[in-house]
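Student: Here it is, the structure in full.
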Amino acid sequence: MARVLKVAAASAAGLFPRLRTPVSTVRTSASLSSHPGAGPVWNLGRLNHVAVAVPDLEKARAFYKNVLGAEVGEPVPLPEHGVSVVFVNLGNTKMELLHPLGSDSPIAGFLKKNKAGGMHHVCIEVDNINVAVMDLKEKKIRILSEEAKIGAHGKPVIFLHPSDCGGVLVELEQA
């Protein structure tokens, strides 16, 4: 069996030569510029969390804690964002369970369209959110607020318009 896997891997590497070539990471917006040193510099960091809107917060907590055995936090109401959140520790990242807090919550609107809940957004850390905002605006990426707001982790966050991000709502959080 091990020999079969080695042969398959070797064949795949031959078919896909890029698999053997290290991929250079795009680290800064300036690295994309044709003029070295031009433009603001900011670094994209790790995936902080994946947020999932849930119609029943306690049921979702129980699933991740009792069925999957994950480390699950307590619900935290965030009235300024119109949500209650629960973080599920997944080792190298987190899942954020979102539940509406009030009828005008953006999550209430999401759950009206998606009765069973579902993936709401991804959150990626950046090393300088203010410079990232300036650079993204210059690149015509729409930001859903005029300025960064304090998010669930007590750090500045912004959201990027899904239409500019391949249909995904992207949250950037100051690392």
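Including glycine, each Cβ sits where the backbone N, Cα and C put it.
Sharing the feature lines straight out of Swiss-Prot:
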- 1-35: transit peptide (TRANSIT)
- 46-175: domain 'VOC' (DOMAIN)
- H49, H121, E171: Co(2+) binding site (BINDING)
- K113: N6-succinyllysine (MOD_RES)
- K149: N6-succinyllysine (MOD_RES)
- K149: N6-acetyllysine (MOD_RES)
Student: Please identify which of H49, K113, H121, K149 has the densest Cβ environment, defined as other Cβ atoms within 10 Å, among these recorded positions.
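Tutor: Per the Cβ count, the most surrounded site is H49.
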Student: Just to confirm my parser: what is the rounded mean pLDDT across the domain 'VOC' (46-175)?
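Tutor: A mean pLDDT of 97 is what the predicted model shows over the domain 'VOC' (46-175).
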Student: Going by C-alpha distance, which of the binding-site residues H49, H121, E171 is nearest to K113 (N6-succinyllysine)?
Tutor: H121
Student: Using DSSP, how many residues in the domain 'VOC' (46-175) fall into helix, strand and coil?
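Tutor: Its residues divide into 32 helix, 49 strand, 49 coil.
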Student: May I have the list of same-chain residues other than H49, H121, E171 whose Cβ is within 8 Å of the Cβ centroid of the recorded Co(2+) site, in sequence order?
Tutor: N48, V50, A51, E96, H120, V122, C123, I124, L169, V170, E173
Student: C-alpha of E171 (Co(2+) binding site) to C-alpha of K149 (N6-succinyllysine): distance in Å?
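Tutor: Just about 11 Å between their Cα atoms.
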Student: Count the other Cβ atoms sitting within 10 Å of the Cβ of E171 (Co(2+) binding site), across every protein chain shown.
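Tutor: Its Cβ has 21 other Cβ atoms within 10 Å.
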Student: If I take the alpha carbons of K149 (N6-succinyllysine) and H121 (Co(2+) binding site), what is the distance between them in whole Å?
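Tutor: H121 (Co(2+) binding site) has its Cα 16 Å from the Cα of K149 (N6-succinyllysine).
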